[in-house]
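For reference, TrEMBL has these:
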DOMAIN    3-374  domain 'Serine hydroxymethyltransferase-like'
BINDING   Leu111, Gly115, His116, Leu117, Ser343, Pro344, Phe345  (6S)-5,6,7,8-tetrahydrofolate binding site
SITE      His219  site 'Plays an important role in substrate specificity'
MOD_RES   Lys220  N6-(pyridoxal phosphate)lysine
Amino acid sequence: MAKSIKQLLKDEDKRQQETISLIASENIAPPEIRQAAGSSLMNKYSEGYPQKRYYGGNKVADVVEQMAVAVGRKLFRADHINVQPYSGTPAMMAIYFALMKPGDTAMGMSLPHGGHLTHGHKVNFSGKLYKFVQYGVDPDSGLLNYDEIETMAKIFKPKVIVCGATAYPRQIDFQRFGKIAKKAGAYLVADISHIAGLIVGGQHPYPFPHADVVMSTTHKTLRGPRGAIIACKASLAAAIDKAVFPGVQGGPHDNITAAKALCFQNAMKPEFKRYAAQIVKNAQALARALQKLDFNLITGGTDTHLILIDLTNKNITGKEAETALGKAGIILNKNMIPNDLRSPFDPSGIRLGVPVVTSRGMKESQMEQIALMIAKVIDKPKSKSVLSAVKKEVAACTKKFPIK
Ligand SMILES: *Cc1c(COP(=O)(O)O)cnc(C)c1O
């Protein structure tokens, strides 16, 4: 008989407790944020913006959204912020609708080099509606080549330049991107979804004042609910708000707005700075330990929350590594590496991120232990005894660092 949803939710709690998630885009939202997301605000409709709603009964919803806006603006150092986007993809859609007309030219980072689908990939609305020119990373260093991006911007004269990534282990030079965009007469959109927590936690430079528009999801390093925000310069505020509602969305998810307000309040606290610093320390400890075990890291290391491994010297593909590690209780994803000769379904790399394990309280010594476990599995991915021994080690480790 099929399991009930109630039982499946319990199964998922257990799965999360008993595995080590190294998925770079995931995190563990604290209990009060999950509570807000499941609160009675879920039942409310409030199309429009505070004090300008299309429904009655918004006394509480208005104050909640105004609080999220007030704290969010401070947190991102923005002139204006819209806290209604359902997720990163609709937020990017609203930004493009506000800044471009279909058929306009834009520039974004290519997906196989670390960009996101919404940065102009041909299967995504962004690649279908706009003429996206894609930049990548230098094949030898794995780093963004700003001179080349500048030359491309001069030639293609895009209306919008998007910077930001899902699999780039180094800091992004927003100042340089800002100069490139200004010279080309383009708007600079910074998609900080992955690194927002590192930015507001003091581990990475801020995109403002170099960017015109900043988009971030709230559920990655920021440790909030599933959702997104758009921050922008004052001159673009009206266009962005109109593009979100009524352009792309209907009623905001007020329960999630409450959870975002809590997330922003948490991120303003001194503890969050320590958390962000620990994320980078953990990623660097994991990177050093992996390098000692002869793993080849793209760019030679990390200064963010994530690591990209090129597995070509290890006689295993990204998909095989993901599957074998999964059997041992270590969850991560296969990933394209720059100039990958394999297919996206079975690429040459894997991506590792430490936000979840850092939220669970793990520190540098656990990162060394995790690196060793990964090496054991990658060396003998088909050995049942190795997989079960590592699984036991994972169980002991996760028990010591429960999800609250
Ligand atoms: C996660 C992510 C998005 C999309 O967010 P969803 O909430 O999955 O739609 C967009 N851009 C970047 C860089 C991301 O990492």
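A Cβ is built for glycine as well, from the same backbone N, Cα and C atoms used for every other residue.
Feature map: annotations from TrEMBL on the structure.
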residue: Leu111; record: (6S)-5,6,7,8-tetrahydrofolate binding site; DSSP (3 states): helix
residue: His116; record: (6S)-5,6,7,8-tetrahydrofolate binding site; DSSP (3 states): coil
residue: His219; record: site 'Plays an important role in substrate specificity'; DSSP (3 states): coil
residue: Ser343; record: (6S)-5,6,7,8-tetrahydrofolate binding site; DSSP (3 states): coil
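Maximum C-alpha to C-alpha distance over the listed (6S)-5,6,7,8-tetrahydrofolate-binding residues Leu111, Gly115, His116, Leu117, Ser343, Pro344, Phe345 is 17 Å. Candidate recorded positions: Leu111, Gly115, Leu117, His219, Ser343, Phe345. Not one of them has a Cβ under 6 Å from ligand 1. Less than 8 angstroms from the CB of Gly115 ((6S)-5,6,7,8-tetrahydrofolate binding site) sit Gly108, Met109, His121, Gln134, Val162, Gly164, Ala165, Thr166, each of them six or more residues away in the same chain. On the backbone, the CA of Leu111 ((6S)-5,6,7,8-tetrahydrofolate binding site) and the CA of Lys220 (N6-(pyridoxal phosphate)lysine) stand 18 Å apart. Cβ neighbours of His116 ((6S)-5,6,7,8-tetrahydrofolate binding site) (same chain, under 8 Å, six or more residues apart in sequence): Gly88, Met92, Met109, Gly164, Ala165, Thr166, Asp191, Ser193. If you compare Cα positions, His219 (site 'Plays an important role in substrate specificity') sits closest to Leu117 out of the binding-site residues Leu117, Ser343, Pro344, Phe345.
Each of the binding-site residues Leu111, Leu117 was scored by the number of other CB atoms within 10 Å of its CB, and the largest score is that of Leu111.
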